[in-house]
């Protein structure tokens, strides 16, 4: 009785309910994309497209010319609000700057020195071992200077955000002229679809020809965003180039050992696998 | 015969151990040299030593792009 | 009459701590080989040590330059 095939009527009911379910789900998803309340797609931010970074891939190093230009963008633009606590001047040497260039940059700055004989604080010019100073003394000062918003430290920002480089680049270049109709922003914020929630305290900062590159690269908005993102990826992963070189070595050695182990297994088992049992029944009388 | 030479490596334990260590020493140097050469050639133009000459005047730009 | 000898006549070779010269001579090739093996073992693990690099490995013919370390002083953060 249960093995009976579904009648045409039952088939129609099943197909109809599947269609209704699909259309309802599509409609709800569409409605969801129209609003920006909690637990909607807009709350999580627009997903960035995947860009073809020059360091994408297992064996690709950073583009060091880009790191150098990106540091220039950081220093002239980002550094007015964002710190870079984990990078010392010495880290730039041999990566994007020469030792004398790095020395020149840090010696322009003043760092705390040991107190003098009477215990009074002293200052000294920077050394290569000093870390790049942030724009604010502490978090409270940073918030006070930015209407309560804290500009995050950028040392590890590429690792700390979903989407990594793609997200940072999209965020920097993704400010529309006007927020879309109907978007209500809290005071002191700007609209950026890539930022979760859409309301970001940072405004658009990169505009064409904001900096002048020493190598003559045209400083378009996207060029600067690309360079500073590459730079921030380097600050997040200074070991990147060496890591990929070691990865190549490890892959070669480990896969060779794997192939050798397969060969040894087949060699050792060859006799077992190739043997043949034969049973000759005793002849009956 | 090549086989005899290879077999002679196993005949004495001292030769066997010396071959292993000597081979390891030579291998790690050659392997590192080979991998690094390939890696730097593969990424030519992106490495600091390749772009240094573009930014720093008077630097030894032996690796011109 | 047959003259019997009461026992074998032992003659001891000069030895120091159980080691004597003929024995040493038979062991000599193997000892040299073991010395070479130990040297190669040390070389494996000191391949990256600057003192060993500069003293020995840079002097290896043809490939010695691999261990030479002459960075551009501008690339060293000092």
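One is the number of the first residue shown, and numbering goes on along the chain from there.
From the backbone N, Cα and C atoms, a Cβ is placed for every residue, glycine too.
What you are looking at is a predicted structure, and each value in this text was computed from that prediction instead of being measured.
Among the ranges A:85-109, A:110-134, A:135-159, A:160-184, the one that TrEMBL lists as region 'Disordered' is A:110-134. Between the binding-site residues A:78, A:81, A:78 has the most other Cβ atoms inside 10 Å of its own Cβ, all protein chains included.
Across the region 'Disordered' (A:110-134), DSSP assigns 0 helix, 9 strand, 16 coil. Residues belonging to the domain 'Cytochrome c' (A:65-218) score a mean pLDDT of 94 in the model.
In this record, heme c is bound by A:78, A:81, A:82, A:202; the longest C-alpha to C-alpha distance in that set is 11 Å. Around residue A:82 (heme c binding site), a 10 Å sphere centred on its CB holds 20 further CB atoms from the protein chains shown.
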